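Copied over from TrEMBL, here are the features:
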- B:12-35: transmembrane segment (TRANSMEM)
- B:47-68: transmembrane segment (TRANSMEM)
- B:74-95: transmembrane segment (TRANSMEM)
- B:107-128: transmembrane segment (TRANSMEM)
- B:164-181: transmembrane segment (TRANSMEM)
- B:210-233: transmembrane segment (TRANSMEM)
- B:239-256: transmembrane segment (TRANSMEM)
- B:263-282: transmembrane segment (TRANSMEM)
- B:302-323: transmembrane segment (TRANSMEM)
Amino acid sequence: MPLLEARDVHGGYGGMNILNGVNMAIEADEIGVIVGPNGAGKSTMLKAVFGLLTVSQGEILLRGEPIHNLPPNKLVQKGMGFIPQEKNVFPSLSVKENLEMGAFLKPQNTRRMLKQVYDFFPPLYDKRHQPAGELSGGQRQMVAMGRALMAEPELLLLDEPTAGLSPLYMNEIFERVKEINAAGVGILMVEQNAKQALAIADKGFVLAAGQNRFTDTGAALLADPEVARSFLGG
Amino acid sequence: MNELVFFINNVVIAGSVTGSIYAIGAVGVTLVFSIMRFAHFAHADMMTFGAFMVLLLTAAFPGVGAAVGLPTAIVMLPLAMVLTALLAVGIDKAFYKPLRAHGVKPIVMVIGSLGVTLMLQGLIRLFAGTSGQSLYIGERKEIFRLALPFEGVRAPIVITEPQIILFVLTFACVVGLHLFLNRSRLGKAMRAMSDNPDLARASGINTNTIVAVTWVIAGGLAAIAGTLLSLDVTFKPDLSFFLLLPIFAAAIVGGVGHPYGAIAGGFVVGFAETLAVFNWAVLLRPFRDSLPEWLAQAGNLAFVGTEYKIVVPFFILVAILVWRPTGLFKGKVI
């Protein structure tokens, strides 16, 4: 049974459909990457998975259990973590407090997970008492990822984690995503840096106009000349 | 020296009393704003409601205070806080929650809270009448006169029992709130929701719980502020309503959404008010001989008359909104 499965998902905001039948499936140990041109519905699909958007047709299953239109806090309980693209930290809370909020539903795990997250992102330990709003973009992304990891999710959703970051941080974030996945967390992420993202992807979903254009393994999509020509800039 | 005592009595003590009440009121306003993003105009009448509950309870069990050596009203305060917190949660369920569910604009919530304030005031008037009543039922308000051990000082420093209780409780509220917001899991979640409600939801924080906790705290603090105000003077159904403006001024001065700012703002507005109505001529009296005649002869050198005290918070409010709309502590703009 796939960890996450989406079947013919339709949905959008205020009666206007952005998703017109998206299908995807990822296994528990896989990295799934959604790429595609602007306005293809990439982030919208991620929001639909996380219950931030009304799914009007089709279904989304987590380990075979329908989850579409459940509120986010229920999905967190079911083992899903979400890292939005923007505003992904609590700016006036300290780094440590940000992380603690990630374990809000499992307070008994806070101490153990804090140690794990600090080990995973050493810079956060040094800045643990600093307000997250004062950190650089890359460190803020680490706080955001750390916060999501605090809940020990089975599936982590990342919306453009490298947007606006310098190439140095970009590589670091991709490395970290790979490591998180290697630790047994399923990943579904939306990325603008399609080539780099597909390079680490087990599954790639190329969306256009709210529908799947290509669905294959990351490597196969990278090798496909048609995908390269139309979506990866040659 | 007598002039200094006069200054202490009329500015230091009076300003601290006003400031404390504004501060506790403004913290409630600011917390509600930071979680629900609307200016809750019914806060002042929640204060009156709290004091009214104390009045009822004190009338029902008049002798209780004597047994523990405190005014009965203070003994009844915790129960009144619980009742006011329940009222606040109930009002939210009945009026604000349906509005939120419709996703209305903040201004609709503000108007809704105006309706609630009129309703509360009407209810309190219905049962309490319109005249002033003392919360000291069958008890005497203790007044302490502290004579200073200096030669030639005839006037004592005067402080009343409710004023001392007010200072102690204000301090306790500030410390308690600080510990709650920075140490407890719910307090941190409250700050998180104030910072970024979407991310709070995405972290699994149940925002309905936080809203309820906010109302419980706002209601409890309102009961404290209203009761202490009524103890200092007398209970009246419209007593707190007239504090609405200074309390909002305090919250805005401090930076809306900032609990510490609200406390600071409360004291700024409170002291500004007292300093503005203080007769500075009194302080000049010892130097009368060395002053120009027009200054030495002046009988009243207050900036504004006591009857126009309300212009002070108004002025501060307008000035802050024009020159520093985020307030002293960089809060949100209402």
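From the backbone N, Cα and C atoms, a Cβ is placed for every residue, glycine too.
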Inset, instruction - Determine which recorded stretch among B:12-35, B:74-95, B:210-233, B:239-256 has the most C-beta pairs below 8 angstroms with the transmembrane segment (B:263-282). - result: B:12-35
Inset, instruction - Would you confirm whether the transmembrane segment (B:210-233) and the transmembrane segment (B:107-128) meet the contact rule of 3 or more C-beta pairs below 8 angstroms, pairs 6 or more apart in sequence? - result: no
Legend entry - Positions whose Cβ lies under 8 angstroms from the transmembrane segment (B:302-323), at least six residues beyond its ends: 242, 245-246, 248-250, 252-253, 268-269, 272-273, 275-280
Legend entry - Folded-back contacts onto the transmembrane segment (B:239-256), same chain, C-beta under 8 angstroms, at least six residues removed: 21-23, 25-26, 29-30, 33-34, 39, 41, 43-45, 47-48, 51, 117, 121, 225-226, 229-230, 233, 262-266, 268-270, 273, 310, 313-314, 316-317, 320-321, 326-334
Inset, instruction - Would you kindly list the residues that approach the transmembrane segment (B:164-181) from elsewhere in its chain, counting only those six or more residues past its ends and only Cβ-Cβ distances under 8 Å? - result: 16-17, 20-21, 23-24, 27, 70-71, 74, 144, 187-188, 190-191, 217, 221, 224, 228, 231-232, 259-260, 263
